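Enquirer: Starting off with a structure, shown below.
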Amino acid sequence: MPLLTMSGITKSFPGVRALDGVDLDVEEGEVHCLLGQNGAGKSTLIKVLAGAHQPDGGEIAWRGERVRLPTPVSAMRLGIATIYQELDLVEHVSVAENVFLGHEIATRGLVRPRAARARTAELLARLGHPEIDPAALVGSLSAAGAQIVSMARALSHDVRLIVMDEPSAALDPDEVDNLFRIVGDLTADGVAVVYISHRLEEIRRIGDRVSVLKDGRVAARDLPARSTPTDELVARMTGRDARQVFPRRSAQDAPRAEPVLVAEGLARAGEFEPLDLELRPGEIVGLAGLVGSGRSELLETLYGARRPTAGRVLVDGRPLRPGSIPAAVRAGLGLAPEERKSQALLMLESVTRNVSVSSLPRFSRGGWLDRARERAEARSRTRELALSPDDPERPVRTFSGGNQQKAVLARWLLRGCRVLLLDEPTRGVDVGARAELYAVIRRLADSGVCVLLVSSELPEVLGLADRVLVLREGRVVHAAPSHELDEHRVLDLVMESTPE
Amino acid sequence: MNSPATATSEPGAPAPPADRPPAVRRLPLDVRHLSLIGVLAALAVVGAITKPDEFLAAENLRLVLTQASVIGVVTVGVTFVIIGGGIDLSVGAVVALASVWATTLATQDFGLGGMLLCSVLVGVGCGLVNGLLVAYGPMVPFIATLAMLASARGLALQISDGRTQVVTVDAVLDLGVKDSYVLGVPPIVLVFALVCVLGWLLLNRTTFGRRTVAVGGNPEASRLAGIAVRRQRLLLYLLSGLCCGIAAFMLVILTGSGQNTNGNLYELDAIAAAIIGGTLLSGGRGTILGSVLGVLVFTTITNLFALNNLQTDIQQIAKGAIIVAAVLVQKGRSTP
């Protein structure tokens, strides 16, 4: 008998049928992978399972008995824990208090912090992270550390099923290894894991069975995780063949034009050491490195969001005012930051207004906006990038991750940007939409924009960039045309002499 | 404004058949405003039933509008600050300080123009201090403006020595009497109407308004999009100070005097009016029309209670209940 059986689950939101008769069964001790593009219904399904959403129809059975999950607490009582992508931790509170949030260890209403800390230390040790101090504030931890705390919280209940929503998105390769070891330990104890990830190679490493969701329905189930060909998985997710994801590079192999952006001895104490950098029109330069290698910091320093401690940045030979974003934007720089929702988008606003926000003076005379022109120009840029649905007046929050990223790119396209800094441009973007974004980025480069690309996904850096810089602990340890590199070589360079 | 037709005439931007003109999609009145108008209508009905002769009399309606005008102008400024992600607790104290400073014997020597200028400058000056503290301090807006609340009120007391400063300038006093009415409307109400229209235009039709919404909705994204966030914050507090200066002078006209007790609890009334008008306290969303309706609802309630000889304590309770009800209604609508 399966541990969990969901059958015929339906759920509608105003205007959208998010789930349309979805079946899912999960056995004890298996890693059940859930695949699907953004908007396919994965998040809704796991929220139904977590008791956060109520289904409109369908049945949920737990060990063969029909159950209802009216609240998150009722799901937790059964032994279902969910680790969301956006971790739900309280930053200003200690690790131990977070782990036992809502089910504090207490006698007669008085909490027993020492007992909670001791128990938390046990859980952290079991998760392979005894170095995390149960008394430390969660806000002081890295993304990986916070995720371990989230997992410790799940284990602090008597958990039988853990749902993990893109747990590896914010992790470095060695942290991903640790995550997989934990998953292995859990399943050996008979705990079932529902694993959501966009990275197919991870599913191959730890998955048992795969279910694919598409448009709120099950597009495929019971696929063996290790042996189903990638092409087939992608085809099931997208409904079309998605080989050849990376666009062909332009014919001229080495751009000869004068560099647009030059960094000379640019450095920030404690983040990255002095480095030189040249970006030429039409060129995509990739920055490979671990989280914490200084790659995001370098991007933000070029952009003026951080003030360099040494060196300078020149655009067209003229030095930029250090530490001034408006100066950088005026000189033609644009940044698509790592955290799209919190750093790039005005979530309450329409796509049009998100696109126009950096170019307002263009549509105004004496501060007075020409809104018709604003709409028309924003629209022509979103058209160029094939925004879907093609309705930029809709709130940006109703668009998928890939299309939200297009809105950010359209912002810089409209600004007439000449140097595009992309920090993890495909994070949270599903496989089908990624290929489309890659094509957009390549097209921008072909039109003469220079692109500096940071990505944790090596295939992306190698497949898209013309030239790759490898960053390790704040130093450029290698620079080469991407066709001279392969994943193993870059991984070696990235990991070499790292502690542990 | 710009007709949708200009958008379609843009070369290279063909009008797709699926396009609805934006004017149809976004009605000028959203549902929240309609519900406030409904509340206003209900209050009018209550007034018409309980005091049929007095409530609907032209004199009484003029009184309601006049009372709404002073707090209304303050509320427009506060609405901008809140949409921009801040808060201004100092408005009542700044109104008091500006009204006192504008009515000292020394200032009155300069006549109407000098008094008006003084009132506006004091307001803008306080706004400048607030803005510098918040934007460049940087201090939490709540604390910075709380400090201004205390200091401005104290300075107003020091200048006036707790006495009511009677205005002796005829040009100022004339603006408050019936002869000055334009088509039966007091000049103060006209100023209020003008401030509302300008405020609406500023919020909806200018880059300043667009940046206010952006900075309030997501300051980090605005910064990374190249907006000068700190300058925008400074400007918002200057605007709020300007509104306080104008409101203070309106109060001087209305009362023929300046007192350090003027504008008592205006900060609460203005914030409450903005909130029931649909402005998000966390910033990024709000409308001038909503705030104006909020002010009118509160002023009408005050008027109804006064006409029916009810105590102010009951009136305060009713206000509190309305704030809670309005926020609950909005919450119910925003969650799917």
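Quick reminder: no glycine exception, Cβ is built from N, Cα and C everywhere.
Dumping what TrEMBL says about this protein:
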- B:1-22: region 'Disordered' (REGION)
- B:31-49: transmembrane segment (TRANSMEM)
- B:70-98: transmembrane segment (TRANSMEM)
- B:110-133: transmembrane segment (TRANSMEM)
- B:140-160: transmembrane segment (TRANSMEM)
- B:180-203: transmembrane segment (TRANSMEM)
- B:234-254: transmembrane segment (TRANSMEM)
- B:288-307: transmembrane segment (TRANSMEM)
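Buried or exposed, and what's around them? Tell me for each listed feature.
Expert: If one looks beyond the transmembrane segment (B:70-98) by at least 6 residues along the same chain, the residues whose Cβ comes under 8 Å of a Cβ in the stretch are 118-120, 122-123, 126-127, 130, 134, 141-142, 145-146, 148-153, 155-156, 159, 188, 191-192, 195-196, 199, 202-203, 212-213, 215-217, 219, 232-233, 236-237, 239-251, 254, 259-267, 269-271, 273-274, 277, 279-288, 291-292, 294-295, 298-299.
Residues 88, 90, 94-95, 97-99, 101-103, 139, 141, 144-145, 147-148, 152, 167, 169, 171-172, 233-246, 248-249, 252 of the same chain lie 6+ residues outside the transmembrane segment (B:110-133) yet bring a C-beta within less than 8 angstroms of a C-beta in it.
Sequence-distant contacts of the transmembrane segment (B:140-160) (same chain, six or more residues past either end, CB-CB distance under 8 Å): 81, 86-90, 92-94, 96-97, 99-101, 104, 126, 129-130, 133-134, 258-260, 262, 267.
Tertiary neighbourhood of the transmembrane segment (B:180-203): same-chain residues 58, 62, 65-66, 68-70, 72-73, 76, 79-80, 83, 174, 209, 212-213, 243, 246, 250, 253-254, 287-289, 292, selected by CB-CB distance under 8 Å and a gap of 6+ residues from either end.
For the transmembrane segment (B:234-254), same-chain residues at least 6 beyond its ends with a Cβ under 8 Å from one of its own Cβ atoms are 66, 69-71, 73-74, 76-78, 80-81, 84, 86, 88, 91, 94-99, 102-103, 115-116, 119-128, 130-132, 134-136, 167, 172-173, 175-176, 187-188, 191-192, 195, 208, 212, 262-263, 266.
Tertiary neighbourhood of the transmembrane segment (B:288-307): same-chain residues 29, 32-33, 36-37, 39-40, 43-44, 46-47, 50-51, 54-55, 60, 63-64, 67-68, 71-72, 75-76, 78-79, 196, 199-200, 203, 269, 272-279, 314-315, 318-319, 322, selected by CB-CB distance under 8 Å and a gap of 6+ residues from either end.
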